[in-house]
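Features as listed in TrEMBL:
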- His2: Ni(2+) binding site (BINDING)
- Cys73, Cys76, Cys89, Cys92: Zn(2+) binding site (BINDING)
Amino acid sequence: MHEMSLMEALVDLAEEEARKADASRISVVRLAVGALSHVDPESLRFCFDAVARGSMCEGAQFDLVAVPGAGWCLDCGKEVAIGERFGPCPDCNGFHVQMTRGDDFRLLELEVV
């Protein structure tokens, strides 16, 4: 389960940033997670709760912002919604689609107290 190691790194980063701001607690953690990022949102929630225990993140609101998958179809010449990395274009069924969005895994915001 790579979600656990991702959440361990996230909590470490959040605590580091909170210390820079002389904060004693983190109240909100907001994360962008792409539909094509190969992480399970429910596993992230579970792992965050487990890793946050005893840290500055304990009790923090954990928000996930879903980022839909999109790609540029070289055959159609337009951006299309995609649900898998190497799937066909939903409009022309061509396989020359370059992913442009949806593999996100980014810390968007921290609220500290």
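Glycine too: its Cβ is placed from the backbone N, Cα and C atoms.
Curation plays no part in TrEMBL annotations; they are all automatic predictions.
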Quiz item: Tell me which residues of the chain lie with their Cβ under 8 angstroms from that of Cys92 (Zn(2+) binding site), as long as they are six or more apart in sequence?
Solution: Cys73, Asp75, Cys76
Quiz prompt | Number of other Cβ atoms within 10 Å of the Cβ of Cys73 (Zn(2+) binding site) across all protein chains | solution = 21
Self-check item: Residue with minimal Cβ packing [other Cβ atoms within 10 Å] among the binding-site residues Cys76, Cys89
Solution: Cys76
Quiz prompt | Cβ neighbour count (within 10 Å, all chains shown) around His2 (Ni(2+) binding site) | solution = 11
Quiz item: Given the Zn(2+) site residues Cys73, Cys76, Cys89, Cys92, which other residues of that chain have a Cβ within 8 Å of the mean position of their Cβ atoms, reported in sequence order?
Solution: Leu74, Asp75, Gly77, Lys78, Val80, Pro88, Pro90, Asp91, Asn93, Gly94, His96, Val97
Exercise. Reduce the DSSP letter at Cys73 (Zn(2+) binding site) to three states and note it down.
Key: strand
